[in-house]
C-alpha cells in the first residue's frame, strides 16, 4: 500500500510543500524567516480573534473596552500584549526576510518577489488600521495625519479623504470601518501567502551562493523542520520576554490617553516599524512630494530585479556591493531614528540627507557597483 501522505489529495499538497520538498543543502539561518513569518501570522490571527470577542468598535467605548480586556478578561492582558508585540516581531522578521532577499538576490524569482512586496504593503496597511483601534491619542492623530495625506492627490484628494473617513473628520464611522478592514486583511494576507509559496515552489529556494542547487537537494523534513524549530523557539522566547517583562517598551505613552480631537500631542509619530518611511515623508517640505517619496520608498522594491546588473546573483562574493548593502542598512536605521525625532535642526537635514542616500544607493550606486564587479572579474591579459 502506498503512503497516504503521498496519495491523499490534501495530504499530498502538504507533503510537497513541507515534508518531501527538495531544498538546497546549504541554506543558512537567514532562510528561517519565511516559516517565522507564518508563525507570526498565525499568532496574530489567533490573539486578534480573542481580542475581537471583547472589543467594541465605537468611539465612546473602544478605549474602555481595551482597558476591560486587560483588567477583567481571563489572560486578556497577555493576549493584548502578545498581539501588540507580535506585530513588532512580525515586522522585525519581515525586514530581515526582505533584507535576506536583497542580499542573496532572491528577487530574481520575480513572481515570488512581487507577491512578497504586495504582502509587505498589505501587512503595513493592516498594522496601520490596527493601531487606530484602541482609540488612544496617538491612534486618533495617527489616523488623522496619515489619511489626510490622500488629500494631496490632485482633484479627487479631498473627496477621497472624506469618503474614507465616512464624514468630515476621523470619527465613529472611521473606527468601525477600520475594525472591519483590520479583521478581513489578515485573511487576505493568508491567501497571498499561499500564492507566494506557490510561486516559490515553482522554482525552489535560492541559496547563499546564488548558484543553481538542483544537483544537491535534501528533503525539507527532517533537516529544515528541526532548523525552523530552533528559529521558532528563539522568536517565541523574544516575544514572550518582551510581552511579559516590558510590554509597553515599543508603544507610545500618548496612547494611554483616550482620543481627544481638541488636543494635539506634541509629537505625532507612528510605531517604530513605520518610522523609516515617515522620515522620508517628512524630509520633503511639500505634501504631494512627500506622499510620492513615501510610496516610492516601498514601491522601489518592485524595480529591484530591473536594477540587477551583476553577472552573479548573490552578494556573497561581491565585497563592493556588500559594503553598499550594509551602508543601506545603516541608512535605514538612521531614518528610523530620525522618524522618531521632532521636526527641528539638526534632525531635518539628517533626514533629508538619509532620504537622498537611500534612493541613490538603490538606484545608482548598487547597479554601478555590479557593473564594476563584472569588469573586475574579466581577465586583463
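Glycine is no exception: its Cβ is also placed from the backbone N, Cα and C atoms.
What Swiss-Prot says about this protein:
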| type | residues | note |
| --- | --- | --- |
| BINDING | 83, 182 | heme b b562 binding site |
| BINDING | 97, 196 | heme b b566 binding site |
| BINDING | 201 | ubiquinone binding site |
| TRANSMEM | 33-53 | transmembrane segment |
| TRANSMEM | 77-98 | transmembrane segment |
| TRANSMEM | 113-133 | transmembrane segment |
| TRANSMEM | 178-198 | transmembrane segment |
| TRANSMEM | 226-246 | transmembrane segment |
| TRANSMEM | 288-308 | transmembrane segment |
| TRANSMEM | 320-340 | transmembrane segment |
| TRANSMEM | 347-367 | transmembrane segment |
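The transmembrane segment (77-98) and the transmembrane segment (226-246) are in contact, since at least 3 Cβ pairs between them lie under 8 Å (pairs 6 or more apart in sequence). With respect to their backbone Cα atoms, residue 182 (heme b b562 binding site) and residue 196 (heme b b566 binding site) stand 21 Å from each other. The C-beta environment of residue 196 (heme b b566 binding site), restricted to residues of the same chain at least 6 apart in sequence and closer than 8 Å, consists of 112, 115, 116, 119. Of all the binding-site residues listed here (83, 97, 182, 201), it is 201 whose C-beta has the fewest other C-beta atoms within 10 angstroms. Residue 201 (ubiquinone binding site) sits 17 Å from residue 97 (heme b b566 binding site), counting Cα to Cα.
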